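Enquirer: Below are the structure tokens for one structure; questions will follow.
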């Protein structure tokens, strides 16, 4: 039986990152974690490109443009949607997650979901580098593994 696995080596890979500017205090921590993970696994800073989207809702379109360009081995999507008093949270989080998944399937490029969807600011802070780790770091590690897995399967 042949088994395919993606290695956690980012040398010679190129990554696009789409970050939503809304809740930038949280997203900037996710971004730092993602860049840290890429660099720790061998990626040069010149092989990372960042696009700032106005908010989480706009992330799928920008990630699609990046994925379709063919310039990237993977695209990492980072954002923070925090529940408020209205149903807006439900609509935004649902559409962002669907859009990111559809982009990955449509383009064949790994497009990684690193968008926090939390009930409150405390949960977002916990997931942006405190007691629950940094989900931006985790998303970047997933991007590295998926980029290598796609290359391995294609060989």
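Heads up, the Cβ atoms here are built off N, Cα and C, so glycines get one too.
Heads up, here are the entries from Swiss-Prot:
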- 88: active site, proton donor (ACT_SITE)
- 22, 56, 57, 58, 80, 81, 82, 113: 5-amino-6-(D-ribitylamino)uracil binding site (BINDING)
- 85, 86, 127: (2S)-2-hydroxy-3-oxobutyl phosphate binding site (BINDING)
Enquirer: Inside 10 Å of the Cβ of residue 127 ((2S)-2-hydroxy-3-oxobutyl phosphate binding site), count up the other Cβ atoms and send me the figure.
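Expert: Excluding its own Cβ, residue 127 ((2S)-2-hydroxy-3-oxobutyl phosphate binding site) sees 23 Cβ atoms within 10 Å.
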Enquirer: Measure between the Cα atoms of every pair in 22, 56, 57, 58, 80, 81, 82, 113, the residues the record assigns to 5-amino-6-(D-ribitylamino)uracil, and report the largest value in Å, rounded to a whole number.
Expert: 16
Enquirer: Does anything in the same chain, at least 6 positions from residue 113 (5-amino-6-(D-ribitylamino)uracil binding site), have a Cβ under 8 Å from its Cβ, and if so what?
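Expert: In sequence order, the residues whose Cβ lies under 8 Å from that of residue 113 (5-amino-6-(D-ribitylamino)uracil binding site) (at least 6 apart) are 77, 97, 100, 101, 139.
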Enquirer: Could you check which of the recorded positions 85, 86, 88, 127 is the closest Cα neighbour of residue 56 (5-amino-6-(D-ribitylamino)uracil binding site)?
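Expert: Of all the candidates listed, 88 is nearest in space.
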Enquirer: How long is the line from the C-alpha of residue 80 (5-amino-6-(D-ribitylamino)uracil binding site) to the C-alpha of residue 127 ((2S)-2-hydroxy-3-oxobutyl phosphate binding site), rounded to the nearest angstrom?
Expert: 10
Enquirer: Neighbour count first, Cβ atoms within 10 Å, every protein chain included; then name which of 56, 81, 85 tops the list of binding-site residues.
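Expert: The residue with the most neighbouring Cβ atoms within 10 Å is 56.
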Enquirer: What is the number of other Cβ atoms found within 10 Å of the Cβ of residue 80 (5-amino-6-(D-ribitylamino)uracil binding site)?
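Expert: Cβ-Cβ neighbours of residue 80 (5-amino-6-(D-ribitylamino)uracil binding site) within 10 Å number 29.
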Enquirer: Just to verify a number: CA distance, residue 57 (5-amino-6-(D-ribitylamino)uracil binding site) to residue 85 ((2S)-2-hydroxy-3-oxobutyl phosphate binding site), in angstrom, no decimals.
Expert: 18
